[in-house]
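Here the structure comes first, spelled out in structure tokens, and everything after it is commentary.
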């Protein structure tokens, strides 16, 4: 079995570090596996990792400690660095190289006055470089020190000079330091804006640090957003990989090429944005006509990378822009295969893809469907989602391993859910379950996946048998399906049975005439002439049977070899050819038949009739009894093997004690005689009182008595009791075995009609056979309706109909019990609430004291308040339900009480409405009276004031 890819769908993808993105870059580049559960960033391509590593390096172009260490290692560097930091240049000689080193130090440590002093008075070289080719202008721009950069440029510093590694110029340094002033200063001094564009220009460095203003200035002054070489990193790649949406927008507004590819992986900007879940960047790229299904070197689309990294936001965006959800990449995998990476987010991606129409049964080049991968990784939620969307659980890999096999071993919790789906496939109409008009509809579409229509209709049942879940065949849906299938192929089986019956009868007649008929020695033994004709007919029929076996073997040798009936058929065919030979076909002298042919004929005639019994046992009406016989025979053989040593012991002992007796003269005959004596055929008188005297009387009597007690009494009864101890269980087991054999028989017959060996046969004949064998020719018609209470409905046997009826009745009773329990809970809560509302509210203890105006909080009042505010309990539910009749009466009484309560509530509501209306009228009258009183008081006040003023004037 193919366990090579267990829990591995992308074994060449890289991990993302859980730590800060600025740390452990080497580890980020080296680890290869699937993203873990704890990692939420997804998986990255090689190109994305390359961009990430370069961005970490360019965030701090040159570390200050590293620069200081480089300057100190120069000749006299430590002394010069100390002088620059102290600002004293008295010991600096004009003809010494120290002045150039001091100029570099001044550009590093940011001293404008000292820089100008060195350039004017010491004639320092503005283009001097350290051991790594870095000039003072490099350091000034890297430190974003525009004044020093201006001074250096005024004294002739070269703005386009490279460092020793040909990696950066002063413009690169200014862009990396986010210095707009330095960039403008350099551009005004004729700095080449596209210098280094073959690898990485200043625009790349500005994007590395997300310097939006610098990017805008560079683009405004003519920076090229594209690169002249193919498969090189463009600024758009850099911005998309980092998720800098504003930079992406600026680049796109300046005609950046959205189709350009980068690196050996040939990834586009949309690939980089999709695999890192930068939704805004992806949206901008798609709005500017980026190809939604563009492919990289591995034939992956952005949707594949988004699913691999579990970028659900980007997945939804790409689907909304028409991404092909069924596009395949390496090894024939689809986006649905790629989405099964980690369980925490796989379900969201899978749901989005399935909603967009992803093919849930699409297999990769190894035969693995998404259901296989989900089951292997033990993602039960994804497994159930796939099954809900029509995934074929019978789909097999190239190693012939079904998805159901993975489900049973890796996600066994799906099996009960599968049983629930089988239950839900049997539905009844709205009629009462005991009504004659009650109809039950059985939907077989779950048993016949859409992808298996070209392989027959019993593939699921065979898969259940294969993985050890054959008890599911006893489900009413499966049992009904098997019965209907049997009814469809019954005609083919009857033809086969008739053919075998004819063959057995002719062969039996031939054996009787050739091998059984007794002739006197002095007479010539001659058979009738038609016996030779029968012999030739037997040979022809036998060759046809062997041809059928050859066809079945060519159809599938592995499946053919595992059925013992096929080996029995080859044994019979070979034996018949040995029995019906030219010597036996001649009827003039039957005494010339060799003795060995009599032995062969005796064995073959037994096997022929045994095979006919097994064929008859395939009928449902006889199958249980034949299976019970087979089961008991197998059990009896096991027990006989367990006690074979005891029988051998007694056989040898009898051979020693009774060697004169004919049955015990030979050890072989002695053993066979011991087995015969188990059935009770002891022959005590013949052995002890016959013609032969017992040589060892005492020992012989003891051994014989021991045999009678241990074997005839104990062992025989024990074996019979163990073999048939549980008749009811034996019937159930036999019924299950019958269903298994019936399913295998139907499947084998169907497989012959769909065999590739019949492609050259007439098409009309094959289609006729298929229509005769298949239950329905259309998937939408895989439904069957019965009326269990209608005596005229005889479509199904009574036992199957009863099982279907029980399942529907139990489910309906269970639902009614749940509804009844919910009603009782709601009614109890409502009745208690109503009682609390009708209970008078005790507010005496809330009245304030006459003197203090505060509430008197006594222990009695507090207890009473607690009782009033205590929440109503909803747990007073009866533990045991009443009988059905009592429950119905109680529900009617409760409904009457509820109606009365609702009427009282309506009356109270009407009274409250009247009270509210009266209160509103009272408040309006009170308001008018209050306004009138206020006006009168104002008028009286004015009148009093006028009277008082006139009185004062008169008094004066």
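Glycine is treated like the rest: Cβ placed from N, Cα and C.
What you are looking at is a predicted structure, and each value in this text was computed from that prediction instead of being measured.
Going by the topological domain names that Swiss-Prot assigns, residue 563 and residue 695 belong to different sides of the membrane. Per Swiss-Prot, the range carrying the annotation transmembrane segment out of 450-470, 471-491, 492-512 is 492-512. Of the listed segments 387-407, 408-428, 429-449, 639-659, Swiss-Prot assigns transmembrane segment to 639-659. Around residue 666 (N-linked glycosylation site), a 10 Å sphere centred on its CB holds 13 further CB atoms from the protein chains shown.
Long-range contacts of the topological domain 'Extracellular' (660-701) within the same chain, counting only residues at least 6 positions beyond its ends with a Cβ under 8 Å from a Cβ of the stretch, are 647-648, 650-652, 654, 707-708, 711-712, 715-716. Look at residue 666 (N-linked glycosylation site): DSSP puts it in coil.
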